[in-house]
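Features reported for this protein in TrEMBL:
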ACT_SITE  Asp164  active site, proton acceptor
BINDING   Pro113, Val114, Gly115, Ala116, Gly117, Leu118, Gly119, Ser120, Ser121, Ala122, Ala123  ATP binding site
DOMAIN    85-172  domain 'GHMP kinase N-terminal'
DOMAIN    247-313  domain 'GHMP kinase C-terminal'
Amino acid sequence: MSVKRVLASAPAKIILFGEHSVVYGKPAIAAAIDLRTYVRAEFNNTGAIKIEAHDIRTPGLIVSFTEDEIYFESDYGRAAEVLSYVRQAIELVREEAGANGRGVTVSITSQIPVGAGLGSSAAVAVATIGAVSKLLGLELSNEEIGKLGHRVELLVQGASSGIDPTVSAIGGFIHYEKGNFEHLPFMELPIVVGYTGSSGSTKELVAMVRKTREEMPDVVEPILSAMGKVVEKAREVLLSDLDDEVRFARLGRLMNINHGLLDALGVSTKKLSELVYAARTAGALGAKITGAGGGGCMYALAPERQSEVATAITIAGGTPMITRISREGLRIEEVLP
Ligand code: MEV
């Protein structure tokens with residue numbers, strides 16, 4: 001069937017345990033959440049790639065731009081970074097489809113804040129690959145699209161574990177290790193995400209950890225190994241038939257340990273730590289950074305105290321988001337024949 005236009009969407013994610021150590025082959029656990037990026041792809045007859053973005057949420061402000069003309073009221077660098085993921089994604093899919101000279105126009109809207117550690121780049125890459133591959137007649141599974149998303153991240157970021165595009169493409173909860181994933185049983189987790197309002201660059205933070213590891217392997221390797229052990233323990237707790245009270249208390253303690261280890265790697269900030277401690281003081285069972293750090297988001301596990309924790313995060317100067325885990329990953333929303 002020849003297709004004229006495709007609309008696809010892909011979700012944001014949170015890393016529950018194991019960010020950064022996952023880049024060095026340790027396991028991690030992530031979940032898709034119900035904020036989505038929408039990408040519409042259609043042919044144009046110029047042979048070129050055209051990208052339009054509206055409502056791309058960079059910290060605090062909303063940016064609209066086209067490739068030639070950029071209207072921005074906030075961080076231009078972050079907005080431009082989004083373009084590089086989209087461009088790489090389109091080029092990769094055109095190459096896979098043997099359609100290099102084919103003109104493609106892509107239009108993006110997103111509910112996911114850019115640079116918040118919620119996987120906006122991965123979601124934009126996955127939704128673009130989903131929409132453009134369908135447009136060009138490629139039949140790819142969500143898992144294959146996740147792998148192409150990983151290639152896009154490697155091209156743009158230089159280093160990436162692939163967990164973000166995988167969970168965005170697949171959805172639900174995943175345990176991820178060295179490119180392989182296992183779906184964990186779906187469950188509602190009583191979490192609150194707290195946004196610091198500032199952004200961190202995954203590329204820079206991953207490079208910073210890499211440099212410290214190269215300079216001090218004897219110090220950094222045990223931290224990364226401990227993070228791997230935290231993840232395996234968390235997987236055991238998530239798969240156990242413990243009652244919720246015990247299960248959440250253990251997960252909370254593991255989150256706090258994981259936060260301490262991330263702090264030791266140098267990816268926390270004063271604001272992130274303030275939000276983490278505010279959440280714990282307000283009754284969260286655990287709280288930690290989620291994603292690359294350096295700004296961005298933390299999350300707290302707060303059964304029965306979500307509202308108090310959200311208030312504490314606000315008082316500490318953050319923006320709370322009570323969000324739900326999304327079962328669904330990449331979704332083709334509409335195909336116009
Ligand atoms: C970013 O969401 C997670 C990192 O571990 C980078 C990666 O896994 O590619 C910091």
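Cβ coordinates are placed from backbone N, Cα and C, and glycine is handled just like the others.
Features recorded in TrEMBL, as mapped to the structure shown.
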residue : record           : contacts (Cβ under 8 Å, 6+ apart)
Gly117  : ATP binding site : Ile15, Gly200, Thr202, Ile289, Thr290, Gly291, Ala292, Gly293, Gly295, Gly296, Cys297
Gly119  : ATP binding site : Ala12, Lys13, Ile112, Asp164, Val167, Ser168, Gly291
Ser121  : ATP binding site : Glu81, Val82, Tyr85, Val114, Glu153, Val156, Asp164, Thr202
Ala123  : ATP binding site : Ala10, Pro11, Ala12, Lys13, Arg36, Thr37, Ser110, Ile112, Ser168
Point to revise | Contacting binding-site residues for ligand 1, chosen from Pro113, Gly115, Ser121, Ala123 when the Cβ sits under 6 angstroms of any of its atoms | key: none
Point to revise | Secondary structure at Asp164 (active site, proton acceptor), reduced by DSSP to three states | key: helix
Check your understanding: In the domain 'GHMP kinase C-terminal' (247-313), how many residues does DSSP put in helix, strand and coil?
Key -> 39 helix, 10 strand, 18 coil
Revision key, fill the gap. Neighbouring CB atoms within 10 angstroms of the CB of Gly115 (ATP binding site), all protein chains considered, total 27
